[in-house]
Amino acid sequence: MGKTFNLTRREDGIAILTMDVPGETMNTLKAEFGPEISEILSEIKRDSSIRGLVLISGKKDSFVAGADISMLDACQTAGDAKALSQQGHVVFNELEALNIPVVAAIHGACLGGGLELALACHQRVCSDDGKTMLGVPEVQLGLLPGGGGTQRLPRLVGITTALDMMLTGKQIRPKQALKMGLVNDVVPQTILLQTAVEMALAGKQIAKPVKKSLVNQLLEGTGFGRNIIFDQAAKQVAKKTQGNYPAPAKIIDCVRQGIAKGMQKGLEVEASHFAELVVSKESEALRSIFFATTEMKKETGAEGATPRKVKKAVILGGGLMGGGIASVTTTKAKIPARVKDINEKGLSNALSYAYKLLDKGVKRRHMTPAARDNLMALMTTTTEYKGVKDADIVVEAVFEDLALKHQMVKDIERECGEHTIFASNTSSLPIGQIAQAASRPENVIGLHYFSPVEKMPLVEVIAHAKTSPETIATTVAFARKQGKTPIVVQDGAGFYVNRILALYMNEAAQLLLEGQSVEHLDKALVKFGFPVGPITLLDEVGIDVGAKISPILEKELGERFKAPAAFDKLLSDDRKGRKNGKGFYQYGAASKKKAVDETVYGVLGIKPGVDKEMSAVAERCVVQMLNEAVRCLDAGIIASPRDGDIGAIFGIGFPPFLGGPFHYIDTLGADNLVKILERYQTQYGDRFEPCQRLKAMAAEKARFF
């Protein structure tokens, strides 16, 4: 590898230090850079003609995107990780201690170690470009800022703001960064370097105090007040993480100790906590997700196939799903979308859906009204098949009715070109059955989004036996442009995500009928690590939707998918969930606090009894999901354990700190999982029978990774 840092001297005495990692599109910090930076800093100290220093990136749209995560996996022990953090401290302290002004000129991603580098500079100026974002997202990998970030950030922007940034991993836009005091100036990219040079020539400036509310001044200005901030943050973290993620509590401790005992002590605590987190099983799991998604971005979904460019999309159906799909097509992918619905109400719903989402951006000052209107102009509507002939892809989002979908296929083949892809958003019907109506079955594919479309990151791309590789590759590329994480799955009832979810939900329903309360069931699975409990999820998705999917899965996959009788009783009482304000929970203006509708127990003919241990409740639901995930792998529904992990995490919120179903099975041990399943099989019947692959793995002590 060639040199990453290049020092040039200007006639006015300002030196420019340009960072440009050879052979990479983005700058990342690597352990081997330490000696190179130290040598340059020594050179600067020796040269009395240098009056100031500007740090800038040689990359097009990246300042420094963070530390190279792969170097953490090279750490064999906590001691190795601690040494990495301490090396960063030495270099950044040396930079900060220079007796000349040091200015960071920031354009593009300035994240993690990149922001910590900028914080070690005396001043920061950033471009006003939309690509410029600043943040410390380490917590999302189960880590904390290990290059002095837990110490410098609170001292610059205040404790409350710094904790918010570090505990959420949120990324800050330029104007917001200026307002909070994170940067000293925001300028157009064209004059970024010039401005940074002028700042360096002006000399070290005394930092302007960040404007704080009176409450914040009182809290952050006294030891008693700071204790209130830290205690409140700790309570919120405990509630949010359920004790499953160690990083947030350690971030709070770093800041607390640094403020109370000084910078040096704070850095020592930071290095120690960073090291503990690097070797924690939670961070290892979260980093595995990061590497998996990074790897997947390089794949087309079909080996050797080249995706066609999608210049125009048509969405059939303007309902909740159709409106969401049209919205991400225009706003994220910037691809024109024509929405077709049989009535004007559906079309106005789709337009309103997209407008509301974009207008939120305007209200938050993330975009201008003109930018919103330009994106809205990409969406057009029709009640007939007009203006659809040149569509490259048609996404069907109509009712789950096979005859209706057959009609859609025939209509599109008649109205559109021979190359047009027909992508069905069905959640349960096998794609092969939909393709039976097609004269060009190679163009038919499944594209299963999750609700709400703009928030849920996963899509399942479902290939049936005759889907062409080019159709798969084009659909995968289209989904990525929409900002989605696609996994390619093979055809079959429920595909992957709904198939593993169905057994999990069925088991929760069984526990409910056995006398477990609604609240206890939901709390048990939230404590396990799911974002919401299974009963809340059923209310959100729709009890009627669950009732429609279950018979399809039972018919195709067998008795173990038979849903408990609860569905029929609930639907007879017109309980569909949130959508009609009547489900397991109370809805409406009167029920601000989430409360169970106690009348649901009477409808089900049950009376809540003694609650089981939360861990036992969660285990019964989760082992069903794990067993079925392995069946899906064995049947070729998913291509790899990696895809199964990503599908479960991004599709249904499987706890990320466990790494996904397959990583979790490795943690448990296949032999232990088989024992648990066999114990439940004895107690509750054959729906718990371990699949053959799990039994074989248990016998061989085999692992997935």
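Quick reminder: no glycine exception, Cβ is built from N, Cα and C everywhere.
Some features that Swiss-Prot has for this protein:
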REGION    1-188  region 'Enoyl-CoA hydratase'
REGION    308-705  region '3-hydroxyacyl-CoA dehydrogenase'
SITE      Glu116  site 'Important for catalytic activity'
SITE      Glu138  site 'Important for catalytic activity'
Averaged over the region '3-hydroxyacyl-CoA dehydrogenase' (308-705), the pLDDT of the predicted model comes to 95
Integer Cα-Cα distance in angstrom, Glu138 (site 'Important for catalytic activity') to Glu116 (site 'Important for catalytic activity') = 11
Per DSSP, Glu138 (site 'Important for catalytic activity') is which: helix, strand or coil?
-> helix
Provide the three-state secondary structure of Glu116 (site 'Important for catalytic activity') computed with DSSP.
-> helix
